[in-house]
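Engineer: Feature table excerpt (TrEMBL):
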- 36-471: domain 'Major facilitator superfamily (MFS) profile' (DOMAIN)
- 1-21: region 'Disordered' (REGION)
- 240-261: region 'Disordered' (REGION)
- 39-56: transmembrane segment (TRANSMEM)
- 76-97: transmembrane segment (TRANSMEM)
- 109-131: transmembrane segment (TRANSMEM)
- 137-164: transmembrane segment (TRANSMEM)
- 176-197: transmembrane segment (TRANSMEM)
- 203-222: transmembrane segment (TRANSMEM)
- 274-299: transmembrane segment (TRANSMEM)
- 319-340: transmembrane segment (TRANSMEM)
- 352-371: transmembrane segment (TRANSMEM)
- 377-402: transmembrane segment (TRANSMEM)
- 414-436: transmembrane segment (TRANSMEM)
- 448-467: transmembrane segment (TRANSMEM)
Amino acid sequence: MTKPPAPAAMHSPERRPRLSDAPLGLRALPSLSYNTHRALVLGLTFLAYALYHASRKPPSIVKRELARSWPPFADPALLGATDVAFLTSYSVGMFVAGHLGDRLDLRRFLASGMAAGGAAVALFGAGYFLALHSLAFYVAAQVIAGLLQSTGWPSVVAIVGNWFSGRRRGLIMGIWNAHTSVGNIAGSLVAAAMLGYGWGWSFVVPGGLIALGGALVFFFLAPYPQCVGFGPAPIEPVVSEESTDGEDSSGSSSAAGGGTGKDSRDAVGILKALAIPGVVIFALCLFFAKLVAYTFLYWLPFYLSQTPIGGEHMSAASAGYLSVLFDVGGIIGGILAGFISDQLNARATTAAVFMYLAIPSLFLFHAYGSISKATNIGLMMISGLFVNGPYALITTAVSADLGTHKSLKGDSRALATVTAIIDGTGSLGAALGPFLTGFISRRGWDSVFVMLALCAFVAAVLLSSLVKTEIRQIIQKWRNRSTNTRNGNADSSVQPLLVEES
């Protein structure tokens, strides 16, 4: 009996890759296995987005210094205005970036965004060296930075989604999403360390680092397995002017049959992406979840410097160092949320439970965090766990799941668009939270924490319909499992995380 040839579309680790489409840096390296390429993609995208987040931390670190000695920022509301300028332009740019990300070369798009975004971050710091005191200059610098930095998230999620799929996507992307907190921690430490040399350096150094990261991405990141010879030829970054409903099936059958031609499937438009079940609900949920998370991102160091802890006030630099522990909790929360959602196959239920638990954790942190530094650290990490856990889950695994939803009929080119819709909507909340905090904090921090708790509650309630559906599915799954166990059919399959699943 003749053995049939292996389909060309399979992601086979044994297949020797062809490097004609590979980045220049990869061409200079020895031939790598499929799983090695996957690990490299995780590492580079992790580094890339950690640098994005590191470059966003300086404004929160230098707030107290600007309010004390740099007109016109004596009013905290004006500091909030620069935050909202960045985040509003970021959220608007996100929709455009996602649309472009599904149509352009993701490696070049990401690398150029990192280089230009780094220059924009340094532009804000240039105001220190040029002794500029115009609010318009700093707002304009933040608007430019927001637009350029919007290239990052849709690109990295789409790239990771291209390389990883299956039921352990939540855990893998939960671990990978630690880049957000690692970047916040690194950005806080670098900005606080540079503050002693002048606050301008707190922007220039992170801006330079993200530009260097862009060079690494350009030379070493393969956005598709096909770029290094695993599977069919990479999807052309060309937009067809015709409807692709009929082309999807033909493209899929061609790939499955081992065809070597280019995949001509069109990218999914925004309206089609919005019609995917769950996209709108998760986008609205992220609006409120990210509002809470980004309020902490931009205002936590300032809050810590204004609040006596153990009867003592701390400096701006010390508050910046202490605030990184919120992100340490966030790392744990992201991994835990991803793992639980994988085990239960219930993304919405996991996110909702975390958001409900965030409410008491916020009040406990505000009420008892001032008792001592140890108490503050413990409650701050718990708050970070419950606040950042669902935020991380929705922006990674949920976005990747919905970007490859079965309703797309095999068209995988919705990843960046869906990611942009969800995170772009969330970024509108991220813009609103810090802006409102600048005004509400005038009435006292009690009012700020009430606002944050209400937003966490709304985020959880928005998922109620999806939670009900998932709970019914979980109950049915447990009943089926009990039946299978009685019949002697147990699922005992275990695979390493980086091994491709069928």
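In case you wondered, yes, glycine gets a Cβ from its N, Cα and C as well.
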Engineer: Do any residues, 6 or more residues outside the transmembrane segment (414-436), come within under 8 Å Cβ-to-Cβ of it, and if so which ones?
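Structural biologist: Those are 80-81, 83-84, 86-88, 90-92, 94-95, 97-102, 106, 150, 153-155, 157-158, 161-162, 267-270, 272-274, 276, 279, 282-284, 286-295, 297-299, 391, 394-395, 398-400, 402-405, 408, 451-452, 455, in sequence order.
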Engineer: Please report, as numbers and ranges, the same-chain residues at least 6 past the borders of the transmembrane segment (203-222) whose CB is under 8 Å from any CB of it.
Structural biologist: 22-26, 37, 40-41, 44-45, 47-48, 51-52, 54-55, 57-58, 62, 107-108, 110-115, 117-126, 128, 159, 187, 190-191, 194, 228
Engineer: Report, as numbers and ranges, which residues of the same chain sit near the transmembrane segment (137-164): CB under 8 Å and 6 or more residues beyond its ends.
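Structural biologist: Beyond its ends, the transmembrane segment (137-164) has Cβ neighbours at 37-38, 41-42, 45, 48-49, 52, 55-56, 59, 81-83, 85-94, 96-98, 101-102, 106, 109-110, 112-114, 116-117, 120-121, 123-124, 127, 172-173, 176, 221, 223-225, 395-396, 399-400, 403-404, 412, 415-417, 419-420, 423-424.
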Engineer: Across the domain 'Major facilitator superfamily (MFS) profile' (36-471), what is the average pLDDT of the model, as a whole number?
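Structural biologist: Across the domain 'Major facilitator superfamily (MFS) profile' (36-471), the average pLDDT comes out at 85.
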